[in-house]
Amino acid sequence: MWMKLVGSGWRHSHGGAQSCDGCWQLVFGFGARGDSPQMPSHPHLVRDPQGQGLGWEAYAVGTVARHVKLINIVKSHFIHLIVLSSHSTDFEVHRNWLAITHSLPISQWYYEATSEWTLDYPPFFAWFEYALSHVAKYFDQEMLNVHNLNYSSSRTLLFQRFSVIFTDALFVYAVYECCKCIEGKKAGKELTEKPKFILSVLLLWNFGLLIVDHGSIRWNSFSFVRLISLGLIVFLVSALSLGPFLALNQLPQLFSRLFPFKRGLCHAYWAPNFWALYSALDKVLSVIGLELKLLDPNKVPKASMTSGLVQQFQHTVLPSVTPLATLICTLIAILPSIFCLWFKPQGPRGFLRCLILCALSSFMFGWHVHEKAILLAVLPMSLLSVGKAGDASIFLILTTTGHYSLFPLLFTAPELPIKILLMLLFTIYSISSLKTLFRKEKPLFNWMETFYLLGLGPLEVFCEFVFPFTSWKLKYPFIPLLLTSVYCAVGITYAWFRLYVSVLSDPPVGKTKKQ
């Protein structure tokens, strides 16, 4: 991805929207040709339309261009590797959903069960698959046959890869809108120190989005009128989504797919949340109980969480968790942030914090949570990270542990150096850029947080390079996943707790302005 630098698009004295546009010209290459009068051959001498030199700014922009170009090159090489690499289970999942929505009437979408990968996403996503299927038929018609289980062809693979890349345009636009909402009070002289630039990189080159499904976010101010507007929007969206299935009298069947209570408390690979810690404690207590002969081996449940299967199970020592219990825990975790938002409004930032806490609380205590759901909190937290040092610290802990928890999704040998390199690049940039942005304030990490984050290195070495050569691999194959899940659960729980303390202790917007 070659990048073109437009001198007329960036002038430090203008600020505001032009500064933001200058960032986007750097990141995406929008603007004049490299051989135009506005783009002289020497990278440090950029001229504006009036022929006036920009001095040190031109040098900074030229330097930034080289840095961002490097990021673009790395990402483009990664995408090239991904397009040519082997695919995961999700490939067959989405191929089957394309086939279901394309070849069957809507009345059969949530009943079809030829494949084990039944359609269990909300109706709007099903319609999205339906729209994609009408493009997919021009690549390979055979992928749209419901009975072609595990069908794979080069054209099918190519379609799925590039459909993701194409739909990223929506996310790019969302990031652009988000960057326009960020205030530049802490903006430094260097372009790399500007909050808008840092935020655009944190969102666009997010490590988690590079290896899982992509999404977009947007936020606005909160008021009573907006509350009513949001309520109407939610109602209309729900009506459009569920209306056809309500008319077909299929809501019970739809809900049985959307809420898979029979799949068990945790996913095959435990999401790093409270239930991972709970289940790990139960596993440790059961092992100790068996060793001390305090438990009868014949009475220990055969369905184990560490079997790697998606199934229902019973805890051995601790009380088993029901779907109702997870619902109650989730509501209890969410309600304080809702009450705080209502009775102690903190403006747009407070509204965004509430959204993040709701997402994190659902991740922490929900039933059968997938590890990828951590991105629902990581991405909006990026917006807060460029505003306050405390939020930046929470973001770095959350995003580092959350991203590392996604490592098991890429488990083949060729993917190992790719995921390690990309996460290192993103993590190093995130920490260094935010440290620079808040260099006049206290350090972003205390000694305990630093020690914890550095511990991810030895954990990765043990799981990938030491454990496979030990005798435990055959007897305890679940240990790497268990250690990864539990270790990351500690960090995510800590970030969730710190964010809650910050929300509950911060004063309302009115009092802050008076002070």
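Glycine too: its Cβ is placed from the backbone N, Cα and C atoms.
Whatever TrEMBL says is automated annotation, not expert-curated.
Transmembrane segment is the annotation TrEMBL gives to one range among 271-291, 418-438, and that range is 418-438. Note on the transmembrane segment (478-497): residues 269-274, 276-277, 280, 283, 306-308, 357, 360-361, 363-364, 374, 394, 397-398, 400-402, 404-405, 407-408, 452-453, 455-456, 459, 462-464, 467, 472 of its chain, located 6 or more positions outside it, place their CB under 8 angstroms from a CB of the stretch. For the transmembrane segment (350-367), the neighbouring stretch richest in Cβ pairs under 8 Å, chosen from 158-176, 324-344, 418-438, 450-472, is 324-344.
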